[in-house]
Amino acid sequence: MIEIDNLTKRFGDRTVLDDISLSVGAGEILAVVGPSGAGKSTLSRCVSFLERPTSGSVRVDGADFTRLEGDALIAARRKIGVIFQTAPLLRRRTVAQNVALPLEYLRATDDSVSRRVTELLDRVGLRDRSGYHPAQLSGGQRQRVGIARALALGPSVLLSDEATSGLDPATTKSILALLSHLREDFGLSIILITHEMEVVREIADSVARIDDGRIVESGSVTDVILDPTSALARELLPERPSVPVRGDAEVWEVSHASRHVPLDWLTSIQSVPGISGVQVDVLSASVEAIRGVAVGRAVLAISPAAPPGFADHLSARGLHVTSTAATARKTAA
């Protein structure tokens, strides 16, 4: 488990991180997102103690890194494995030799190194590439070697700093599946620093958005997405292109605000007394499963004569309804 409490980092008079507090339990994945320059990379360096925070604490399995110095800090940092955007592999070393590097620094026995390297290459699906050199590997395979090396010393926390950036979609998906399996197998606490919202949707249990060095929004991924007021939810579920509105219809945006929205919420309108005559046109809609919960958003064109009970009916079924000005969305007939 990793706990970050009131972490602040300053460079001279400039505050880059301001009072950051986050926690990730064993077997959990937290995604940290935000625009370029928001402080994500500095947070990564402070968590791994490549940079010492100005104030606050970073505790891993109860050990407060900010209270440690010298050899004690070096030993404690072994509890955090780091995966970088580009795996920094030594080109003259084989795959197995690259994975073995941290163990060799600790002067582990040859037998223990061999066993550990074989186990890790099995885990990342590269045992048959153990004698290859980095130049003989694909980008995804090199990243798998980096993951294996990050796990060599048996960390309890894995920090991924834009590890899937630049990979093609299929390779990204396979790397995320690997990380998900590893967190289950080893009980890892994983922090994903990323700008890719599909990564958050695919694998994260919780998410925090940093902007200008501060956390502006955080929570479980499903809770964030089901919050109709969340700006982060709109990034996680971007709007789909809509069919233009014609005539004098009113535009409503309908989004899931509950884990229990019935699948027939739209078709059921036709059977509700006093509402069945409402003309409803679907301009756009999307539904997907995230962490086992169906979430979605639809843009509807509603006839002007829609009774107040129509919105109440949708709200009662776990939906959030926002009426927007139709004029901006209309096109000439």
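Glycine too: its Cβ is placed from the backbone N, Cα and C atoms.
Listed in Swiss-Prot for this protein:
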BINDING   G34, P35, S36, G37, A38, G39, K40, S41  ATP binding site
DOMAIN    2-237  domain 'ABC transporter'
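Within 10 Å of the C-beta of G34 (ATP binding site) we count 23 further C-beta atoms, all protein chains included. Take the CB of P35 (ATP binding site) and look out to 10 A: across all protein chains shown you find 12 other CB atoms. Least crowded of the binding-site residues (S36, S41), judged by neighbouring Cβ atoms within 10 Å of its own Cβ: S36.
In this view, the densest Cβ surroundings among the binding-site residues G37, G39 belong to G39, judged by other Cβ atoms lying within 10 Å. Taking the centre of the Cβ atoms of G34, P35, S36, G37, A38, G39, K40, S41 as the ATP site, the nearby residues of that chain (Cβ within 8 Å, site residues left out) are I210, D211.
Taking Cβ-Cβ distances under 8 Å and a sequence gap of 6 or more within the same chain, the neighbours of K40 (ATP binding site) are V32, V33, G34, I193, I210. The domain 'ABC transporter' (2-237) scores a mean pLDDT of 92 in the predicted structure.
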